[in-house]
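Visitor: For reference, the structure I am asking about is given below.
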Amino acid sequence: MLHIGTHGFLWLAALSLIQTVEFCSSAEIPDVPSIATYFGTKTRYEEVKPNLLRDPLTVNTSVLRPPPGEFCTPFHVTAIIRHGSRFPTIKNIRRIHRLSELLQNETSRTSESSTGWLVELRNRWEPWYTEDMDGRLVRKGREDLQFLAQRLATLLPSLLSEENVRKRRIHFVTSSKHRCVSSVEAFQEGLQQHWGCHDSAQGYNHEVDDELMRFFERCRGYVEGVENNHTALLEVEKFKHGEEMQAVRRRLAEKLGLSLHLLTPDLVEAAFFICSYELSIKSIHSPWCFLFDESDAKVLEYSFDLKQFWKRSHGHLISSLSSCPLFHHIFRTLDKAGRPRRSTEAGPEPASVLVGHAETLIPLISLLGLYKDQTLPTASNYHSQHGRSFRTSRIIPYAANLLFVLYDCQRGPRLQLLINETPLRFPNFQTEDAPLYRDVRAAYRYLLDGCDFNTECERKPEGRGPNTEL
């Protein structure tokens, strides 16, 4: 059941409207825009896992890869999960309305062959987004988490078991944001559906912890040095006003019949976002999608990736260091699960599920040393960055997930990392899918012994310019 919030009447009206057009059957495969894989953090999970379009419960058990010659049993999983598909936030809702008003009010300057676009967008499409929606989870977003829970229960049945669900032996943590609380509830619903143990009287079981899941708000060094530092995203601003983006603007202005000076880079992004929202919320191929070809989409995706790189990832060291509390929490949980016990002691907690944001996962992934390209992405090297590993469309779609699976093996505990249900090797262990846990811990010793949140976050930012240290 969705939370209604304080704007009950308006929200119910909006929800009623949207539910009539949202995705109703997982068996139906909608017409997917060719640019759907370039939406950055607004990408559907199905673009990363396209097999789920046909069967959202498809599971490939071969992704669990302890050493083949060693008997191993999974005995704990820590899952860091992004919320599911959501409505736009107020900022983008307002941009969408500005763009729509611009189309309605401006005289068409398109050629006769282009008029069809304006007819379609002016007469058949209306900006149905309201500010009440502000980033709330949509029904498709609940399905994202319900299906994910069921797939993980199939993949790790002894950990996300019926008994563990019934006895509440699985620890759930969430950010306070409505979309995250709704997502963790949907995940629990998915587990109950999987095991047929749904009990409405049981209610939801989760802990709200913004210090853990929204650490970026509490880190003064990050807030002052990056978030509120106008020079920190200099590369992003340069690219938004650079040659590649200007070419996209010109093409879009011509198609829409708008004067170039009216179509700002922010409104170009808004048009692109409409395409992504219509797909992720309603599962439809919006007419807005036809305004962009693949080359346009790649430019916009690069603009999004530049922003995430310089704001949340390797571009500034403090961005990844701000995730130290979450990093330490994960390893404390793994330590506790893996420590030897007497026969009289209770067994380890089988699973820990933490639900947060793209802004939660990206700094953590960066702190772990993942997706670290040799060359920094900048405003001037777009054409040499097509093979980059840091692509948020592939790494952080809606419902993105980072899994730490701990195995009990003959030589000792082993740890495997998966991202979006796909094996991912630790940076220092490129030949092993599941290295010994003690070796992984030793590789991150410098962070486990250091990376003090108060020390790093209270340190005064040096200078006004960006820190380009990788």
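Every residue, even glycine, has its Cβ placed from backbone N, Cα and C.
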Visitor: Going by the disulfide annotation in TrEMBL, which one of CYS289, CYS324, CYS409 is bonded to CYS72?
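Guide: Among CYS289, CYS324, CYS409, the record in TrEMBL lists CYS409 as the disulfide partner of CYS72.
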Visitor: In TrEMBL's disulfide listing, CYS275 is paired with one of CYS289, CYS324. Which one?
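Guide: Looking through CYS289, CYS324, the record in TrEMBL gives CYS289 as the partner of CYS275.
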Visitor: Which whole-number value in Å describes the distance between the Cα atoms of CYS275 (disulfide bond) and CYS409 (disulfide bond)?
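Guide: Distance (Cα to Cα, whole Å): 47 Å.
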Visitor: Round to a whole number and give the Cα-to-Cα distance in Å for the pair CYS409 (disulfide bond) and CYS289 (disulfide bond).
Guide: 50
Visitor: How long is the line from the C-alpha of CYS72 (disulfide bond) to the C-alpha of CYS289 (disulfide bond), rounded to the nearest angstrom?
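Guide: Between the Cα atoms of CYS72 (disulfide bond) and CYS289 (disulfide bond), the distance comes to 48 Å.
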Visitor: Which has the fewest other CB atoms in a 10 Å radius around its CB: CYS289, CYS409, the listed disulfide-bonded residues?
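Guide: With the disulfide-bonded residues CYS289, CYS409, fewest surrounding Cβ atoms within 10 Å: CYS409.
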Visitor: If you count CB neighbours within 10 Å, which one among the disulfide-bonded residues CYS72, CYS275 has the smallest count?
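Guide: Comparing Cβ neighbours within 10 Å for the disulfide-bonded residues CYS72, CYS275, CYS72 has the fewest.
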